[in-house]
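A.B. asks: According to Swiss-Prot, the 3-amino-2-oxopropyl phosphate binding site annotation covers Asn12, Arg23, Gly197, Gly218, His219. Swiss-Prot lists Asp14, His15, Arg50, His55, Thr105 with the feature 1-deoxy-D-xylulose 5-phosphate binding site, giving sequence analysis as the kind of evidence. Feature annotation from Swiss-Prot assigns active site, proton acceptor to His48, Glu75; the stated evidence is sequence analysis. According to Swiss-Prot, the site 'Transition state stabilizer' annotation covers Glu156. Here Swiss-Prot flags His196 as active site, proton donor, drawing on sequence analysis.
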Amino acid sequence: MTISNRILLGVNIDHVATLRQARGTRYPDPVKAALDAEEAGADGITVHLREDRRHIQERDVLLLKDVLQTRMNFEMGVTEEMMAFAERIRPAHICLVPETRQELTTEGGLDVAGQEERIRAAVERLSKIGSEVSLFIDADERQIAASKRVGAPAIELHTGRYADAETPSEVAEELKRVADGVAFGLAQGLIVNAGHGLHYHNVEAVAAIKGINELNIGHALVAHALFVGFKSAVSEMKTLILAAARH
C-alpha cells in the first residue's frame, strides 16, 4: 500500500457475515456488502478469517478475491492453516492479528516483541507472494520498533483503548497514545494504519491525526446500516474522516 495523500477508509464486513451465521442462512451476503461499500467510496475491504469461522468463511474470501475492484485486506492469525490459505489466494494486503477462541472480538495487539522470530518468518513468507504485510499492534513503542525489526512495511494501531475510554481525561490520554504511536511509526519508516472500536462519534479525533494512512472500520458501519443502508453508512463515514483529516 503506497502512502496516500488523503486518509483511506477500509471497510470491514465481518459482521455482515456474523448476522448470516447467526441463523445459518445464505443472507445477508458479505460479498454484496463489499460491492456496495466500494460503490459508496470504500478504499478497500477487510475480512478476518478466524480459526473458529464464526463469521467470514473461506467461500466469502474466494468470491471477494474474484470480484473486488479495490483491494482485499486479509486479517489472519499466525497459523500454518492461514499461511497456506493466504498463499493460495494472494491478497493485496495481509494483516497479522492475535486470536483466541473465547474473545468476542480482537482484544489486544499482536505481541511482536515477544515472538520476533515467529513473526519475522511469517512476514518473509507472506511477502514472497506479493502481499503487503501489516501487523495489528498496540500503540506502544516497543511493539512498533519490533515490527520494524521483523521487516513488516506497515502496522495497524489498535484503537480499542481509546474507543473504550470513558472520562475526558482517559479519552485524551488514549488519543495521545495513538498519536504518539503514529509519529513513532512514521519515524521508523512504516506505513501506519489504525482501527478497532471506531464509530461515528469518536472517529474524527483519530482521523485528524496527521500521518495515518488508513482507518479500518466495521461494526459501527454494519450497525448504522440497519437504519440507513450500507451505502449510506459507508458514505457518511467516508465524509466524516475526510473532513476531519483536512483540519
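From the backbone N, Cα and C atoms, a Cβ is placed for every residue, glycine too.
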A.B. asks: Work through the recorded positions one by one (Arg23, Glu156, Gly218) and name whichever has its CA nearest to the CA of Asp14 (1-deoxy-D-xylulose 5-phosphate binding site).
C.D. replies: Gly218
A.B. asks: Out of Asp14, Glu75, Glu156, which of these recorded positions shows the lowest number of other CB atoms within 10 Å of its CB?
C.D. replies: Asp14
A.B. asks: Find, for the listed binding-site residues Gly197, Gly218, the residue with the lowest Cβ contact count at a 10 Å cut-off, counting only other Cβ atoms.
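C.D. replies: So among Gly197, Gly218, the binding-site residues given, the one with the fewest Cβ atoms within 10 Å is Gly197.
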A.B. asks: What subset of the recorded positions Asn12, His48, Glu75 lies within 10 angstroms of His55 (1-deoxy-D-xylulose 5-phosphate binding site) at the C-alpha level?
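C.D. replies: Cα filter at 10 Å returns His48.
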A.B. asks: So which one is it: of the recorded positions Arg23, His196, which has the fewest other Cβ atoms within 10 Å?
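C.D. replies: Arg23, out of the recorded positions Arg23, His196, has the fewest neighbouring Cβ atoms within 10 Å.
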A.B. asks: In angstrom units, rounded to an integer, how far apart are the Cα atoms of Arg23 (3-amino-2-oxopropyl phosphate binding site) and Glu156 (site 'Transition state stabilizer')?
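C.D. replies: For Arg23 (3-amino-2-oxopropyl phosphate binding site) versus Glu156 (site 'Transition state stabilizer'), the Cα atoms are 32 Å apart.
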A.B. asks: Who sits close to Asn12 (3-amino-2-oxopropyl phosphate binding site): which same-chain residues at least 6 apart have their Cβ under 8 Å from its Cβ?
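C.D. replies: Set apart from Asn12 (3-amino-2-oxopropyl phosphate binding site) by at least 6 residues yet with Cβ under 8 Å, we have Ile45, Thr46, Val47, His48, Gly195, Asn216, Ile217, Gly218, His219, Leu221.
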A.B. asks: For 3-amino-2-oxopropyl phosphate, with binders Asn12, Arg23, Gly197, Gly218, His219, what's the maximum Cα separation in whole Å?
C.D. replies: 25
A.B. asks: State the Cα to Cα distance, in Å, between Arg50 (1-deoxy-D-xylulose 5-phosphate binding site) and Glu75 (active site, proton acceptor), rounded to an integer.
C.D. replies: 8
